[in-house]
Every structure is written in structure tokens, then in C-alpha cells.
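**Student:** Just passing along the structure, written as C-alpha cells.
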Amino acid sequence: MTQTIPSPNPWSISRPTALLILADGTVIEGKGAGATGVAEGEICFNTAMTGYEEILTDPSYKKQIINFTFPHIGNVGTNSEDIEDLTPLNCHGAVGAIFKADITYPSNYRANENLNQWLKTRKIIALCGVDTRALTVLIREKGSLNGIIIHDPNGNFDIHALKKHAQKWTGLINLDLAKEVTSKQFVEWNEKPWVWNKGYSTNDACNFHIVAIDYGIKRNILRLMAAHGARITIVPANTNVEKILAMNPDGVFLSNGPGDPTATANYAVPTIQALIDSNIPLFGICLGHQLLALAVGAKTIKMHQGHHGANHPVKDFITRKVEIASMNHGFAVETTSLPEHVEETHISLFDNSNCGLRIIGKPVFSVQHHPEASPGPQDSHYLFQRFFNLIMDYKRTA
């Protein structure tokens, strides 16, 4: 049985100008913002209180509609510096956003555009006036939901046709989205993290050369590696091992990204396996972690609801410490499938799902969470130093 859920917001609208229609036929009404049109995607919820610009521009959110549980939105505006997409003009992040409140006019010295106009520019459809926490409960009960988000300023909707559209989209399983968001050519990177009253600076040192395989990489990951004195060469997701080794890297990074890891594995896994055999230090994050797991013979699974937010407790078995981390993934490594020569290094304390691994006897490790944050806490920044410690050991013995 399907239902129509009207907007609960106190401000009144003569008729809804935006809808969220789930694959089961449920219709959620509200006020439209941002771009107009129709977009399909998997609906997930994000519990972060800040960083909406970074979240919406994370390429890992390709083909996803984000339900923000924090009620306020837009109060710091947007700027041209906090975008996480490597190629910001290509709009590789989320396709839709769902908000509790109407978008607030910005009050921040770094803002150069309000969120509503920014959403239009980036072709992101938004739905305001939704009981986002009730929608979150629905996702927690039923699991990840597929659907479509529609914005028409005139409020003209063919509900029957739109429900059929929502039912047709099959979801993220078996989708290789890394090929849609990856760089198309080699790119050199030297920008370091933002510093108060100074902005972003460039790295003049060249202590290490890192090749970063771009499955949908975030800018802040690159900045943190540059802060360690690394010269970084970003390469497309399908770059073969011969081209990578020809660049004489001191380490290789496997980036985050969207989609089903088993689909991306078709071309990524052979390269990763060859890199493991080369004994070059390897570090993977998010999708890179999942691809590394597949490369050693483990399995990945689709999660019930995924982990998306900046307040996730993760335990590091090596340091025996608990850190609060940012997460953004709907697939996970199946712990029981890890082979004997691979050690689990991190777990989520929410559901005990795998959050890290290392290959015993090899300078190779990865994590499911996002140590670069952006947005989120910096508890896991030490993982970048762990990577560079492996690189220094490798350079001494090479």
C-alpha cells in the first residue's frame, strides 16, 4: 500500500513544487529548491551537522539523493574553495538533496553564493520541508531505498508516470560509476590544506612521489598527502600497472569513489594485484579499500542502509584506540571472507562491520572510513603518516 506524505513545515505552500517518489510508490511532498527536473538515485541519510558543500560535491555520492538529518541548511552559504570534486565544473556529486527547513540566507565571510543558486548551478535538485528524521527511520527499517526527486516550480506532476519511472531504476548494484567520475588524463597536484587567514598554499617540497588512482578522489585527500611533502600524480581509474610503474612512484594511493566495487573490479583488480606483487606501498580509502579487498580474494556486500556521516566510532586494533570518523559508503567488505594473510585492522562500533585491513608482510593497508574528513573530525589523520612511514621504509630498502 502506497501513501502520500505532505510537508509538515509550518510555512504554507498552495501546492507542492517538489516530490520524492520511492520505488514502492510512496510520495513525499515539499517545496522545491535548486535545479528543476527529475533525477533518480539511491536515497541515503547523512547525520553530519556541517559541511553540506563538501558532502554534496563528494564524487562518492554519484547517483545518490542525500537526506540531511540536521534541520538547518544554507547558513554558511557556499564558496569556490570547499568543493571536493576534482573537476568541479562536471558536477560529479549527489543528484539530489532533502532538507527539513527552507534554505537559510548565508552569513559567513567566505560565502560567495547562496546554497539555492549554487544547487541550480550544479544541477542538484532539492526538496525542502520534509520530516527528514521520519524518512531516516523509514530507511533504517526498510534499508536503502531507490527513488526519484522531482522539482517543478508550477507543481505540475504526472504522478502515475513518475511512479513508473521510480520503479524502473534498478539501483547501485552492478553499476561501475568510477568510470563516470574519474579523471580523463594525468593531473599533477600540489595544493595543501586550508589555513586560517591564509587560505590554500602549494607544496614546494618533493620528498615523495605518489601516484593516486582516481576512482572519484576527494580534494582534501590530495591536500593532506601534499602536506607531507608529496608530489602527486593523479591517473584515470583504468590506468594499467605498466604506466603506473613507469612513473617510478614511491607509493600508490587507491581513492574513494562511487558505485558497486564488484563492477569497478573488472579493470581495477588486475592492476591492484600487480601493484601488491611489486611491493610498492599501497594505501586505499573507501572504494579503494573495497577494491583492495577484492584483489586479495575477499568479498564485498551491499549494506542494509550504509554509513554516511561525521560521527561514526571506529576502533583501530593496532593502536587499541577508538576514533570518531567520517563515513560515506553503501557497500562493505565481508569480514569472514578475508584470507589468512590479510588482517582486519579497524571495525565500526555501530555494527562491527569491517573498516580496515592490512596485508601481513606487505606495505599495504586500507580503511573504509575517510581519514581526510572534509567534513568531519581529524582523529584519523594519523593514517596518512602511517602511509608515509611505509614509504620511507620502502625508499631506504629500495
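Just so you know, glycine gets a Cβ as well, placed from its N, Cα and C.
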**Student:** For the L-glutamine site that Swiss-Prot assigns to GLY257, GLY259, LEU287, GLN290, ASN328, GLY330, PHE331, which of SER60, SER80 is also named?
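**Tutor:** Answer per Swiss-Prot: SER60.
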**Student:** Please list, in sequence order, the residues in the chain of GLY257 (L-glutamine binding site) that are at least six apart in sequence and whose C-beta is under 8 Å away from its C-beta.
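**Tutor:** GLY257 (L-glutamine binding site) has long-range Cβ partners PRO59, SER60, LEU177, ALA178, VAL181, THR182, ASP214, TYR215, GLY216, ILE217, ALA237, THR264, CYS286, LEU287, GLY288.
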**Student:** Based on Cα distances to HIS370 (active site), point out the closest of the binding-site residues GLY259, GLN290, ASN328, PHE331.
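**Tutor:** Comparing Cα positions, the closest of these binding-site residues turns out to be ASN328.
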**Student:** Per 10 Å Cβ neighbour count, which of the binding-site residues GLY259, GLY330 ranks highest?
**Tutor:** GLY259
**Student:** Identify all same-chain residues not among SER60, GLY257, GLY259, LEU287, GLN290, ASN328, GLY330, PHE331 whose C-beta atom falls within 8 angstroms of the centroid of the L-glutamine site's C-beta atoms; report them in sequence order.
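**Tutor:** Neighbours within 8 Å of the Cβ centroid, excluding SER60, GLY257, GLY259, LEU287, GLN290, ASN328, GLY330, PHE331: GLY216, ASN256, PRO258, PRO261, CYS286, HIS329.
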